[in-house]
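Enquirer: Not my notes, these are from Swiss-Prot:
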- Glu141: active site (ACT_SITE)
- His140, His144, Glu218: Zn(2+) binding site (BINDING)
- 5-25: transmembrane segment (TRANSMEM)
- 34-54: transmembrane segment (TRANSMEM)
- 155-175: transmembrane segment (TRANSMEM)
- 193-213: transmembrane segment (TRANSMEM)
Amino acid sequence: MFNRVVLFLLTNFAVLILAGIVMSVLGVNPAQMSGLLVMAAIFGFGGSFISLLLSKFMAKRSTGAQVITEPRTQTERWLVDTVRRQAQAAGIGMPEVAIYDGPEINAFATGANRNNALVAVSTGLLQHMREDEAEAVLGHEIAHIANGDMVTMALLQGVLNTFVIVLARVVGGIIDSALSGNRDSGRGFAYYIIVFVLEMVFGLFATMIAMWFSRRREFRADAGGAQLAGRNKMIAALERLSLNHGQNTLPSQVQAFGISGGVGEGLRRLFLSHPPLTERIAALRASNGTAM
């Protein structure tokens, strides 16, 4: 947690420096932008952290996941016991364990912190994966929690949101002034249209950055799953996923934390939260099952 706080502070410091440079280049006095920066930070980080705090509730509600409070079957008992064992090995609190109805082979983890998380698997995973493969998938999700990926993604998204809000308004103000001949007549309707368009454009670039980080995060979670369950099991699980052609039924807010992501070529790959399965398998085969 301390490392993520340091990363958060350093990232914000870097963003402030970059914002100051951008404003200087554009001829904007940063001292006049303090109100905008505060507003942008409140909205940028506020939305991200509200989503993080509500992530378990929203995930359970949107997927219909049923938390296992008292195991009723051998499969449920195995799930709970495996998650407990892996959580202890990873040094995190025992997550809630749930099953949701979905035909695809998938699982996800979410939660506000390492000791208040949820691990859920699809019925399709339980039907189509062997026990050793499912163990590796659970290890992958436990690694996400142990690595603090949900918190880190929220911090990153907050920084990106803040930067998009500020930059869109700074650039929008400059364009509006140029179009109006620098007349000091206040902000017109055109300014808000320009800001809206710029937020969409800058938001696309911000999404690319967030998804790039998410793809790096998946490789690390694969390595963590290999450490907890075994590299061969993790490879076998990903190979099984590569044969899964079912539609991803996970809601968009939790898809980034599933074991299985979308597929795409060309520019579409820049917006994917998961690397291609072939690359993930190759990375595991080239590794030595290093730590999370």
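Just so it is clear, glycine is given a Cβ too, placed from its N, Cα and C backbone atoms.
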Enquirer: Taking just the CA atoms, what is the gap between the residue listed as 'active site' and Glu218 (Zn(2+) binding site) in Å?
Expert: 10
Enquirer: Would you list the other residues of this chain near Zn(2+) - those whose C-beta lies within 8 angstroms of the C-beta centroid of His140, His144, Glu218 - in sequence order?
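Expert: Leaving out the recorded residues gives Ala109, Glu141, Ala143, Asp149, Arg217, Arg220, Ala221, Asp222, Gly224, Gly225, Phe257, Ile259.
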Enquirer: Tell me the Cβ contacts of His140 (Zn(2+) binding site) under 8 Å, same chain only and six or more apart in sequence, or just say none.
Expert: Ala107, Ala221, Asp222, Gly224, Gly225, Met234, Ala237, Ile259
Enquirer: Among all the protein chains here, how many other CB atoms are within 10 A of the CB of the residue listed as 'active site'?
Expert: 28
